[in-house]
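Novice: First the structure, which I've put down as structure tokens, then a few questions once you've had a look.
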Amino acid sequence: MWGAQGLASRFMAALLAVLVASIITAALVAAVLGPPIFHEHLIEAGHAADSPEIVHIEEAYRDSSLTSLGVALLVAVACASVVAWYLSRRLQIPLGALTRAAREVSRGHYDRRVAITGASRELDTLAEAFNTMATRLEQVEDTRRQLLADLAHEMRTPVSTVRAYSEGLQEGVVAWDETVAAVLRDQSDRLGRLAEDLEDVSRAEEGRIPLNLRPSRVGDLVWVAADAARAAYQLKGVNLVVDVDRAAGLRVDVDVQRFGQIIANLLGNALRHTPEGGTVLVVAFRDRAEVVFRVTDNGDGIPAEQLPHVFERFYRGDTARDRTQGGAGIGLTISRALADALGGSLTASSPGPGQGSTFTMTLPTTSTGRGVRHTTLATPEAAAIIEATHLGLRRSTAPRSAPQEMP
């Protein structure tokens, strides 16, 4: 309120200053320049210079001029007051609302917004900027709360396990053996991995993660990552098919370790959401100046409303299921941040629940080459399964030979 009154006072003072300057100017003109000019007109009109009529007429002229100036001054002051009040009110209402909203936001009420009043383009722009800021603060606060809640959940299980075994050992209920040692080691490793993953996410999103970039063959990168995942896929009975015919000889500038981390996260995510007997396909091909990597499964799928959130920290579409299957829920977050750091992108798509999902990563290519190898992991039926699906891949016109096991 005091700020609005101060603004109104400034308006009034500014207008009065203009009015005073105008009145002084008019008074000087009327008092100094006006009488001589008027006197000359009277002489030219035939009046004698020493006649009583001239004196009377000149006195009447001065009186009327002063009266006119006085009336004009009063009217001008009244008009200035009305204009100052109107302008101050036009500014006071939106600025007052903005001030109150800012105070509420400073107290942690991030849901406060200000109305767009149309008072002026500048004030509307200011209100829109404030609302955008408040929305982002609200999103950050929601993310922070969810992050703390999920982090607490992720830490609760290993901490509870370590505490239970520690108390059991202390009270003599549990005997120390290799099983207990393995459990404690696994839980401590889980906490360590969680801390490392969180650090990786923060460093990648802030652009602080060190990268050792060097040209690498696409085929070598994909085959190494697939070979590392082969045992887990065979253990669950999920077919893993790798098709890099169209990009095996291409080269991309990547950090080999970080690239392998991205593909490992994508393959691990696909394995968790693909049932026994399902198929996961890894393909790579060139698209203009980029190399496209796709990991497609025919598993659980992702509802449309969840797709925008799959790369958020700790996000789980089906919380209960995912927690039983393991994972901290930040693998995809790390993968997207690393893909961005490598100069590429990572996106997700899915036709819907039960129809599988596709994760697509693009990286800029450094050179061209021809694919020389197509290898398949798991059963020979996997190739036929993939050819029968609508994955949008180019079908080979030549008969497919029996898949070869990766050495």
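In case you wondered, yes, glycine gets a Cβ from its N, Cα and C as well.
So TrEMBL lists these for the protein:
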{"type": "TRANSMEM", "residues": "12-33", "note": "transmembrane segment"}
{"type": "TRANSMEM", "residues": "66-87", "note": "transmembrane segment"}
{"type": "DOMAIN", "residues": "89-142", "note": "domain 'HAMP'"}
{"type": "DOMAIN", "residues": "150-367", "note": "domain 'Histidine kinase'"}
{"type": "REGION", "residues": "345-372", "note": "region 'Disordered'"}
{"type": "COMPBIAS", "residues": "358-368", "note": "compositional bias 'Low complexity'"}
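Give me the structural setting of these features: burial, nearby parts and distances.
Specialist: Sequence-distant contacts of the transmembrane segment (66-87) (same chain, at least 6 residues past either end, Cβ-Cβ under 8 Å): 8, 11-12, 15-16, 19, 22-23, 26-27, 30.
Across the range of the domain 'HAMP' (89-142), the DSSP-based residue counts are 40 helix, 0 strand, 14 coil.
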Novice: Under an 8 Å Cβ to Cβ limit, what residues of the same chain, 6 or more beyond the ends of the transmembrane segment (12-33), are close to it?
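Specialist: Distant contacts of the transmembrane segment (12-33): 62, 65-66, 69, 72-73, 76-77, 80-81, 83-84.
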Novice: Summarise the compositional bias 'Low complexity' (358-368) by DSSP state, stating how many residues are helix, strand and coil.
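Specialist: Result for the compositional bias 'Low complexity' (358-368), in helix, strand, coil order: 0 helix, 10 strand, 1 coil.
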